[in-house]
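Undergrad: One structure is given below, represented as structure tokens, and several questions about it will come after.
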Amino acid sequence: SMASPALLMRVVASAYSVAEKAATIVRNVMSAGDLGIVEKAGPNDLQTKADRLVQMSICASLARKFPKVTIIGEEELPTDDVTEDLIEDGHCEEILKKPCPAQYTEIKEEELVIWVDPLDGTKEYTEGLLDHVTVLIGIAYGGKAIAGVINQPYYNYEAGANAVLGRTIWGVVGMGAFGFQLTEAPAGKHIVVTTRSHSSALVNECITALNPDHVIRVGGAGNKIIQLIEGKASAYVFASPGCKKWDTCAPEAILHAVGGKITDICGNSFQYNKEVKHMNSAGVLATLRNYDYYASRIPNTVKESLVP
């Protein structure tokens, strides 16, 4: 008989189904019309009913299957009273059939940390910019992002009434990433994707120094990484604190699985062990290709302003 799939592949296969359930919740909250918006730290830091229900669904579903895994979600929420209709017990068979990369076959439950952003791009969600929204489930081991799931609940939402809504992108470092068409940005073009609602003098100074041909301003870290892997942008640059570990863990795993690179603005890699502070204080620099080109052009004044 075949050996049962490695723990990592079981976690990823479950996270895939859990993310699809999350997308359904996101769409249901929107179509019901009451977003239940709460301001957390201000008008650009919002939480909706979808953030709350999705986090409860993801964390409770994964905790039930993998009780020794550490799960860290964005929202401060009570963990009890999760209703049974929020639990997703399924898994993606296709993922279970793939062999686990050799370096991850012996991982134990208590060695994994899962970073969850239930709704990345909440502000855009409340404003109806639905294609910016993602659900992020990142899986870390030894402080490194090693696997991730990104669901876009509204992928294809402008394609008409009969279009299939939503998609799930997933990847494992050492295996690759799936659910999208890997595309490189146009050669010789410098297209920078950056924040839509968290701009600052420093953010803009950094972008100006890169002398880009074009700047795309969109919400959501997950969405920005998708711009890179689908060839719509050549660099994701955010010279500011504000991004958190649950914003970057899943995207980092997927980007690294296809040979890309992500660091803070100063070139330091991110750590994802459970004790780490949540804020990525020194911003984000990410590319699918040509990381060094962009890294070498970040001004020292910008780096000195951002302390990791």
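Here the Cβ of each residue, glycine as well, is placed from N, Cα and C on the backbone.
The feature Mg(2+) binding site is assigned by TrEMBL to Glu74, Asp117, Leu119, Asp120, Asp247.
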Undergrad: Given the binding-site residues Asp117, Asp120, which one's Cβ is surrounded by the fewest other Cβ atoms within 10 Å?
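TA: Ranked by other Cβ atoms within 10 Å, the binding-site residues Asp117, Asp120 bottom out at Asp120.
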Undergrad: If you count other Cβ atoms within 10 Å of each one's Cβ, which of the binding-site residues Glu74, Asp247 has the most?
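TA: That would be Asp247, with the highest Cβ count within 10 Å.
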Undergrad: What are the non-local neighbours of Leu119 (Mg(2+) binding site), defined as same-chain residues 6+ apart in sequence with CB under 8 A from its CB?
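TA: Leu119 (Mg(2+) binding site) has long-range Cβ partners Val26, Thr48, Ala50, Asp51, Val54, Tyr125, Val133, Val135.
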Undergrad: Cβ within 8 angstroms of the Cβ centroid of Glu74, Asp117, Leu119, Asp120, Asp247: which residues besides those meet this for the Mg(2+) site?
TA: Asp51, Val116, Pro118, Gly121, Thr122, Thr134, Val135, Leu136, Gly220, Ala221, Gly222, Lys244, Trp246
